[in-house]
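Below is one structure, written out as structure tokens; comments come after it.
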Amino acid sequence: MESQFRPGFDVSQGAGGRASKFGDVVAPTSSTQLPGIILRIVAIVLTFISAVVMGAARQTTTVTGIDAETALLTSITVTVKSTYSAAYVYFVVANVLVFFYSVVSLVLSMVNKARLTSMSLPFSIADLLMVVLLFSSNGAAAAISVVAEKGQQNLAGWDKICNLFGGLCARVNAAIVLSMLASVAYVILVVFGMANLRRSQ
């Protein structure tokens, strides 16, 4: 009896080809996962160091001046901590939150590889929130650092303090730079996430 199927046409191969093609769209490849994993590890390291450096920033120095009451030369010991500034405290809290989120998202992205595509949108939204959090805290901390470096006599009557507490200002500025690098890493993560969403569609 003559076969009803056309020669050379294999139904199973055709279905398998379509399934394989569909699987390529849904399942993320290791080449697309690796940059995201590396960037999250970088963000973990940078935010951790930033929070520790900023939180531990303090300096004790001896200030010499003339007593206004006695008109005599006097010396006092002054200790300044980063936690005296609300902006610096906000910086530490923000970096700690981003650090914990980075750890959790890294674990989820490595454990649930099969469901990584379905989690791309939540990850992208959360990553964008981390970008906003980092940039806002970095901006607040940088503004206070500028005042500490240059003073603000015209509006608030604040004197500059970095000429007396140079070590404190150096550590604060280093923490801000590291946190800015972490925010750049998250910007790249958001771009990768949007690209993966577009590719999956």
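Counting begins at 1 with the first residue displayed.
The backbone N, Cα and C atoms fix where each Cβ goes, and this holds for glycine too.
Since the structure is predicted, the reported quantities are computational estimates derived from the model, not experimental observations.
The topological domain 'Cytoplasmic' annotation in Swiss-Prot covers 1-36 (among others), and the record cites sequence analysis as its basis.
Each residue of the topological domain 'Extracellular' (58-87) gets a DSSP state, and the totals for helix, strand and coil are 5 helix, 18 strand, 7 coil. Annotation source Swiss-Prot lists topological domain 'Extracellular' at 58-87 (among others), citing sequence analysis.
Annotated topological domain 'Cytoplasmic' per Swiss-Prot: 109-127 (among others), in sequence order.
Same-chain neighbours of the topological domain 'Extracellular' (149-173): 53-54, 56-59, 61, 63, 78, 80, 82, 88, 141, counting only residues six or more beyond its ends whose CB sits under 8 Å from a CB of the stretch. Residues or ranges marked as topological domain 'Extracellular' by Swiss-Prot: 149-173 (among others).
Marked as topological domain 'Cytoplasmic' by Swiss-Prot: 195-201 (among others).
The transmembrane segment feature in Swiss-Prot is assigned to 37-57 (among others); the stated evidence is sequence analysis.
The transmembrane segment annotation in Swiss-Prot covers 88-108 (among others) and is backed by sequence analysis.
For 128-148 (among others), the entry in Swiss-Prot reads transmembrane segment, with the evidence type sequence analysis. For the transmembrane segment (128-148), the residues of the chain that approach it from at least six positions outside its boundaries are 47, 54, 85, 87-88, 90-91, 93-95, 97-98, 101-102, 156, 158, 160-162, 165, 169, 172-173, 175-176, 179-180, 182-183, 186-187, 190, judged by C-beta separation under 8 angstroms.
Residues or ranges marked as transmembrane segment in Swiss-Prot: 174-194 (among others).
A Cβ distance under 8 Å defines the sequence-distant neighbours of the transmembrane segment (37-57), meaning residues of its chain 6+ beyond its ends; these are 81-83, 88, 91-92, 95-96, 98-99, 102-103, 105-106, 109-110, 134, 141, 168, 171-172, 174-176, 178-179, 181-182, 185-186, 188-189, 192.
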